[in-house]
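Feature list (source: TrEMBL):
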type	residues	note
BINDING	CYS98, CYS103, CYS139, CYS143	[2Fe-2S] cluster binding site
REGION	173-217	region 'Disordered'
COMPBIAS	184-217	compositional bias 'Polar residues'
Amino acid sequence: MSANGTAAPEGPKEFAFEPEYLERAKHIIAKYPPGKQASAVMPLLDLAQRQNDNWLPRVAMDYVADMLEMPRIRVYEVATFYTMYNLKPVGKHFVQVCTTTPCWLRGSDEVVKACERKLGIGLGETTPDGQFTVIEVECLGACVNAPMVQINDDYYEDLDGPSTEKLLDALARGERPVAGPVSGRQTSSPAGGLTSLKTPVPKSNSAQTASSTQGDD
């Protein structure tokens, strides 16, 4: 989700893709027929945001518009509509805490409190050193692993207050914790282990059944 609103007035005076990003942009544009290059606006905005420390200044949006030969206002419309684009600077670690009903029922309030306590900031704020920004967001689609947060590109799930603080400590040390459930369970499997279908069907039985069925034909 975006930390945005309207485009921030501050930002670089000029913007252009660095060679690596320019090659990726050309590769993306080449996927579309001539005259339809505007369809690449979303991935190019994403590239621009990644190059510019995870936010989109207006000059970057103008650059993308000119590259795609489309009206700048159309690019502004996309950037202000979709919540993955940040129109204001955010911290190096952009912490998005889901507080929608499933996460709230599972304790997202404790996750928010842990972020505020550990980082010394409130929702919508950035730490003075520019390392962390924390916001609350709507559903991120990982309800089965609630409560959870998205930090940059990674989901961290099955959180509580202490595990959230531990996660933030690791990030502050420059580590990148393994994404996914912090509880140790495999993806969204039952937290207490399997409750049904505990015994796999033997392959030999499956093959025998298939052979018998073919013989009946």
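Numbers here mean position along the shown chain, with the first residue as 1.
Cβ coordinates are placed from backbone N, Cα and C, and glycine is handled just like the others.
Counting every protein chain shown, 28 other Cβ atoms lie within 10 Å of the Cβ of CYS98 ([2Fe-2S] cluster binding site).
Taking the binding-site residues CYS103, CYS139, CYS143 in turn and counting surrounding C-beta atoms within 10 angstroms, the largest count is reached at CYS103.
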